[in-house]
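If you look up Swiss-Prot, you'll see 1-6 marked as topological domain 'Cytoplasmic'. Under the heading transmembrane segment, Swiss-Prot lists 7-24, citing sequence analysis as support. Residues annotated as topological domain 'Lumenal' in Swiss-Prot, with sequence analysis given as evidence: 25-349. The N-linked glycosylation site annotation in Swiss-Prot covers 234.
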């Protein structure tokens, strides 16, 4: 009898323990579910779409980068993450410029670019040596520098953004396209200024059609070129199509065979992109890349046209922080003074 009573006590104890465990799990699960529900309810605000913008900051023209960033940040309410790319010896200066100026509120990451990846891929001779600067080729290596984003915007440093960058980010890329660019034949006003300053806007202006490797591509020399100073890129497609490796292949072929020259279209970075992306890119709204402002200090766009433009690009020799240049007032309104006093404007001869 005593044994039976003891067994019943043990069973009762086990039953109580089991009930306690079940009750604990239910309460704990309810708490976790509630937290999950809270997280889900907060997701739309907390996980607002992040727009990655990649821009380079070269030592001698860092003021250009900061002006571009200022113009982007000031003209949008979107959640922008700036990837500011520089060489190792400039990284500290980049951070100080941002953190000790009006740009301190921006969301940014500083990325180091190792120029050793370019070894053996660039011809040393050039009529425009500034185009051989390592950072000019950062756009070739976007997936190696930026990892967690599906879609990325790349901008040259000599641009000013007057529109909401979210509009550019919303550019539709066709299925199978790794990037979107702006065609060089896409605006009547652009064509007018092309004639005025003698610019090339076809493949003939960038590639040496006397060379067999170029002829074998089967690309008509009259094909309209595009400008890779503004890029909307799909990182998944870029990696899937091995775009970086294709670009490197043509860089190496150029070293061996001199297939394109900076003396043609001034495009040592543009030319391989024209080859690799021929017939396989989407287009950007022309107003999001109004360019050639730096080609001729005597060639000007109309004020009305400039006001309509979403993005201005001073590609060419005549930069808006230097003399001579055109429409530099539009650029200077976004200039962020260098806290270190190194970068200075030069608007007088």
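Start at 1 and count along the chain as shown; that gives each residue its number.
Using N, Cα and C of the backbone, Cβ positions are placed for all residues, glycine too.
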Stretch-averaged pLDDT - the topological domain 'Cytoplasmic' (1-6): 55
DSSP three-state assignment for the residue listed as 'N-linked glycosylation site': strand
